[in-house]
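Engineer: When I checked TrEMBL for this same protein, it listed these features:
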type	residues	note
SIGNAL	1-25	signal peptide
BINDING	Val121, Val234, Trp486, His487, Gly515, Pro526, Gln527	FAD binding site
DOMAIN	279-293	domain 'Glucose-methanol-choline oxidoreductase N-terminal'
DISULFID	Cys423-Cys478	disulfide bond
Amino acid sequence: MNLGWWWRLFAGALAGFLFFHGFAATETAPNYSFMYDATSASTLSYYDYIIVGGGTAGCPLAATLSQNATVLLLERGGSPYGNPNLTKMASFGAALSDLSRSSPSQRFISEDGVINARARVLGGGSCINAGFYTRASDEYIKQAGWDGRLVNESYQWMEKSVAFEPSLGQWQSAVRDGLLEAGVMPSNGFTYDHIYGTKVGGTIFDQQGNRHTAADLLEYANPSGLTVFLHASVHKILFAIKGKRRPKAHGVVFRDATGAKHKAYLKQGSKNEIIISAGALGSPQLLMLSGVGPAQHLKSHDITVVLDQPLVGQGMSDNPMNAVFIPSPLPVEVSLIQVVGITHFGSYIEAASGENFAGGASSSPAVEYMNNLDETTFRGGFILEKVMGPISTGHLELRTRNPNDNPSVTFNYFKDPQDLQRCVQGIQTIEKIIESKAFFRFRYEFLSWPILLNMTANAPLNLLPKHYNPSMPLEVFCKDTVMTIWHYHGGCQVGKVVDLDYKVLGVDALRVIDGSTFNDSPGTNPQATVHGCEDIE
């Protein structure tokens, strides 16, 4: 399998990057001279590369490409800087709770009835997630056909800016020790690597609780080679068709916050391209809006078909997450994901604690859960499990022709029985942790395991009808209490919509580089891998 395009690009640009920064001053976030509101954009402009989506993949791509080319980065959201709901760990949940049209987090509800969120801010999902940082497994990298040495160099490049070792508090330590008692062995200490057993992973929050995001990677950009427009909503990719053997992407149409239309075109050049990094929902959505997708579906929305590509929007997946809340008789630290148990049966066990989930509204399942708990039992934390993969897949379709509207997406959680069995085993492992000696002092004795499950099952975690009671099997609990951990992916998968170099099949000068190309979610958290090669999250 060929080396992926992004890794070649990274290797080729690294020397230039080091040379450039050896002789010129870098720009420090948030005072980027190349960042503007889209209202200041000219009606017509030309660039070597146009990147749609300033998220977890788009930002490092823009920084790298700007070393040797002119780059336009279009982001539909605003800047994360100066917003404490994004930059402070203690405010996690507040952005997810913001349901306004200007929110950095855009809520969507899948057809499965699970509440979810997509980023709408420079830096993408790294601005609104729980901050866990971990690499993909060696096996994942091998199966993707990437060069392991270049992957590791890319990881190290990013980790200098955005990854830190967390300080483990007593509650997280108890979860770690409980995992070991539960048999999730060996103890791997602190590591970014994805290896079986129990480990402490990285975090994008520094010791002062400040979040470091993909937007920070723009500090590595060549200021003279990059233009970033915020509040720039891309409505379609423009294709040159006349006289061409096949459609060639050559420009984009975008609108600013006032609704004014702007066009940006590629300069003449054999290597000039448009790169879509709009996320697992945004990228297949934009391809369809631009006429690349299932012909009949596009025609039903009066969209001119550029290329009949029935696999755009197919293979959508979201790792099902199920959690148990444990009220604590002792105070617990405010913590997001720090410890993870990587099991052999295909479930990842993680934990979070404290008041940071109480955002004040109901946009995330975890926030809803905490807000509906009695004050006397609010103190405590979650232990959760996430199903690896998953195997179950669904699809995405357009609802409207407005790129700012959410598309319709179905994930088909637990459609494959192996996913359901992994959930059951994960919940059984959580029971072992809660009943371990290490965790004993953080639980009330009178709150038995069946009571804890019943408390969870009766909380408003999703929009699904409730069936579970303690006499029922755990399979029912898994289906009734399924939530998201925001790791959805698919829709523009390698070998189906893009080739091994992430070029869109059937058209020229167009690539997709983000989590929509994933067949599986890499590792326990995709952020590090999306930074390095594609956009997750």
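Glycine residues also receive a Cβ, built from the backbone N, Cα and C atoms like all the rest.
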Engineer: For the domain 'Glucose-methanol-choline oxidoreductase N-terminal' (279-293), find every same-chain residue at least 6 residues outside the stretch whose CB is under 8 Å from a CB in it, and list them.
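Structural biologist: 52-53, 55, 108, 118-119, 124-125, 234-239, 303-310, 312-313, 316, 396, 398, 401, 403, 406-407, 409, 488-492, 497, 504, 506-507, 512, 514-516, 518, 535, 537.
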Engineer: Roughly where does the domain 'Glucose-methanol-choline oxidoreductase N-terminal' (279-293) sit in mean pLDDT, to the nearest integer?
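Structural biologist: It averages 98.
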Engineer: Please report the distance from the Cα of Cys478 (disulfide bond) to the Cα of Val121 (FAD binding site), rounded to the nearest angstrom.
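Structural biologist: Answer for this pair: 32 Å between alpha carbons.
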Engineer: What whole-number distance in angstrom separates the two most remote CA atoms of the FAD-binding residues Val121, Val234, Trp486, His487, Gly515, Pro526, Gln527?
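Structural biologist: Largest pairwise Cα separation, rounded: 25 Å.
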Engineer: Since the record lists Val121, Cys423, Cys478 as recorded positions, which of them has the fewest other Cβ atoms within 10 Å of its Cβ?
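Structural biologist: Lowest Cβ count within 10 Å among the recorded positions (Val121, Cys423, Cys478) is Cys478.
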Engineer: Could you list the residues of the same chain, at least six apart in sequence, whose Cβ is under 8 A from the Cβ of Val234 (FAD binding site)?
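Structural biologist: Those within reach of Val234 (FAD binding site), by Cβ under 8 Å and sequence separation of 6 or more, are Val52, Leu74, Arg76, Val252, Val253, Phe254, Ala278, Leu286, Pro403.
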Engineer: Tally every other Cβ atom lying within 10 Å of the Cβ atom of His487 (FAD binding site).
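Structural biologist: If we count other Cβ atoms within 10 Å of His487 (FAD binding site), we arrive at 27.
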Engineer: So, by DSSP, how many helix, strand and coil residues make up the domain 'Glucose-methanol-choline oxidoreductase N-terminal' (279-293)?
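Structural biologist: For the domain 'Glucose-methanol-choline oxidoreductase N-terminal' (279-293), the helix, strand and coil counts are 11 helix, 2 strand, 2 coil.
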Engineer: If you count the C-beta atoms lying within 10 Å of each candidate's C-beta, which of the binding-site residues Gly515, Pro526 ends up with the smallest number?
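Structural biologist: So among Gly515, Pro526, the binding-site residues given, the one with the fewest Cβ atoms within 10 Å is Pro526.
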